[in-house]
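*Asks:* Below is the structure I would like to discuss, written out as structure tokens.
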Amino acid sequence: MEQMYNVSSNPHVRDKMTTSRIMQLVVIALLPTTLFGIWNFGFRALLVVLVTVASSVFFEWLYNRLMHKKNTINDFSAVVTGLLLALNMPPQIPLWMPVLGSAFAIIVVKQLFGGLGQNFMNPALAARCFLMISFAGKMTNFAVDKLNGYHCIDTVTGATALAELKNSGFTADSIPVKNLFIGNIHGTIGETSAIAILIGAVILLAFKVIDFKVPLTYIGSFTVFVILYMLGSGMGFDGNYLLSHLFGGGLMLGAWFMATDYVTTPITPKGQLVYGCCLGIVTAVFRLFGGSAEGVSYAIIFCNLLVPIIEKATKPAAFGKGGKKA
């Protein structure tokens, strides 16, 4: 009698690392940008992080309890979702909003679609988009009491570097590139410091938690599109303008920590390259031609929906098939 095997849904672990170990490494890799965000924005940022992570873990436990399912909080996936959601929110956000966002991420996006490995979009980013659509004013209010070093910020609304570029008539020269790279600027808790994010990216790459294909093709295709836009619009090449787009928003955090989500990323190498290029182009279109200064979250969610199409188009032919008859 033939023995039948059931293949579980992704993520499929190909080595000795368990799901919980992978999630723990992601948390460790997120610590530099988390700690910098707390230092940069103060105690309020710490409070948002704690409330969001605790809420995510609670809703994971509550759903499994009510549905009589196995407790999955020990796999740390809820911690990662909560931490990513917290890092994608402004520090002065009302504390009921992280709780609402956590419920949406864990219950609606993750659990109702079958749990870890079944969700078709990134739960943390889906929750951020939900909050952005529902409470745009609160999600784009970056005014804080504590911030170091950015001298051209609107102290009333806390306009971000990208918002200044798009809406306020500032030139890229008015935005200190050093502050963009270090992170002494307004923005969400975890997106401001490119250095801290890149330290985390090195950790992920060193432990082989992620592959470089998606992040590099994402950032590379975005860079090419922005350069073509500068040249085509008559602006000419402006290094500060390009760096402002690379480091002034959520691109780095999105490229290294959210576009690389195992569940919502193509499996094949060719598919990952196509996916990364799509992310870069869509993000650039949203930023340069859309109504919002940012576009990373919407771009990743949009491209998550394209993953089945990308995988089908880039699936290698089965051995022995696809050749022409002699």
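The backbone N, Cα and C atoms fix where each Cβ goes, glycine too.
The annotation transmembrane segment is assigned in TrEMBL to 21-39, 45-63, 95-113, 125-144, 185-207, 214-235, 241-259, 271-289. Annotated FMN phosphoryl threonine per TrEMBL: THR160, in sequence order.
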*Asks:* Going by DSSP, is THR160 (FMN phosphoryl threonine) sitting in a helix, a strand, or coil?
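*Replies:* It is coil.
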*Asks:* For the transmembrane segment (271-289) and the transmembrane segment (125-144), check the count of CB pairs under 8 Å (sequence separation 6 or more) and say whether it reaches 3 or more.
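*Replies:* Between the transmembrane segment (125-144) and the transmembrane segment (271-289), which are separate recorded stretches, there is no contact, as judged by 3 or more close Cβ pairs.
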*Asks:* State the count of C-beta atoms found within 10 angstroms of the C-beta of the residue listed as 'FMN phosphoryl threonine', not counting that atom itself.
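*Replies:* There are 27 such Cβ atoms around the residue listed as 'FMN phosphoryl threonine'.
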*Asks:* Using a Cβ-Cβ cut-off of under 8 Å, list the residues of the same chain that are 6+ residues beyond the ends of the transmembrane segment (241-259) and lie near it.
*Replies:* 26, 29-30, 33, 84, 87-88, 122, 124-125, 160-162, 165, 172, 175, 177, 180-181, 185, 187-188, 190-191, 194, 197-198, 200-201, 204, 210, 214-215, 218-219, 222-223, 226-227, 230, 235, 265, 275-276, 279, 283, 287, 293-294, 296-297, 299-300, 303
